[in-house]
Amino acid sequence: MKLAPWALTTRRVVGVARIVLAIGIFAAVATQVGDRLANDLLRPGEYFAFFTIQTAMMFVVILIAAGIVSLRTERDSRLLTIMRMMAVPYAIVTALVYNLMLRGLPLAAVDAGYEWPVWPNELLHVVAPILLVLDWVFSVGRYPLRLRDLWWALIFPLAWVGFSIVRGLATGWWPYPFLDPSGSLGWLGVIGYIIGIAAAMALFAYLAVLAGRIWVRIQARRA
């Protein structure tokens, strides 16, 4: 089924917006890297180990691919739709964890006196997550995913947690304090946080797939 003229126009506009957002996210990461370099504080093995940064670069790739596809075709493939769905729980959980648990925490001793550039942090942890969710909910031309497709969204976070714990035990460096078993809550607290965040990921992935299926039906009726 071909898209209605209004839907096709919307898809083209959204395609451009996706590419602009991808450029913004990349610029935010580049600004942070440049500022850390200027202050002789960049430790690539640590900076690029953060979930926020890894998913941010993932978002750049997904948004550029989705933007180009939106400009060139009327429909997204199943693979692209799954990748876009995966970005939704990653963005939401990143925003929630940062703003509820990490915002305002003191920096590590090695970074004492340093202040992160403001706008990249806000874009990565507030603006981009909101726009990614809106893009998912209201975009047109997506593939109708099945509910079981939501489990794809858990593969990367669980792999990242496993790697982070192994690395932390080997080096003593932890990307986030709630993963450090030497904290006041010990391993029980770490396991609790992991289960809670994994459950949140699964919930938001489920809601993303459900919203996508509902929106596909609505658009079909309007076509």
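Residue numbering: from 1, along the chain as shown.
Every residue, even glycine, has its Cβ placed from backbone N, Cα and C.
Among the features that TrEMBL reports, transmembrane segment is placed at 12-33, 48-69, 81-102, 122-138, 150-170, 190-216.
Using the rule of three or more Cβ pairs under 8 Å, pairs at least 6 apart in sequence, the transmembrane segment (150-170) is not in contact with the transmembrane segment (122-138). Just going by CB pairs under 8 A, the stretch in 48-69, 81-102, 122-138, 190-216 that sits most against the transmembrane segment (12-33) is 48-69. Between the transmembrane segment (48-69) and the stretches 81-102, 122-138, 190-216, Cβ pairs under 8 Å are most numerous for 81-102.
Nonlocal intrachain contacts for the transmembrane segment (122-138), taken as residues 6+ away from its ends with a CB within less than 8 angstroms of a stretch CB, comprise 14, 17-18, 21, 24-25, 28-29, 52, 56, 59, 84-85, 87-88, 91-92, 94-95, 98-99, 103, 208, 211-212, 215.
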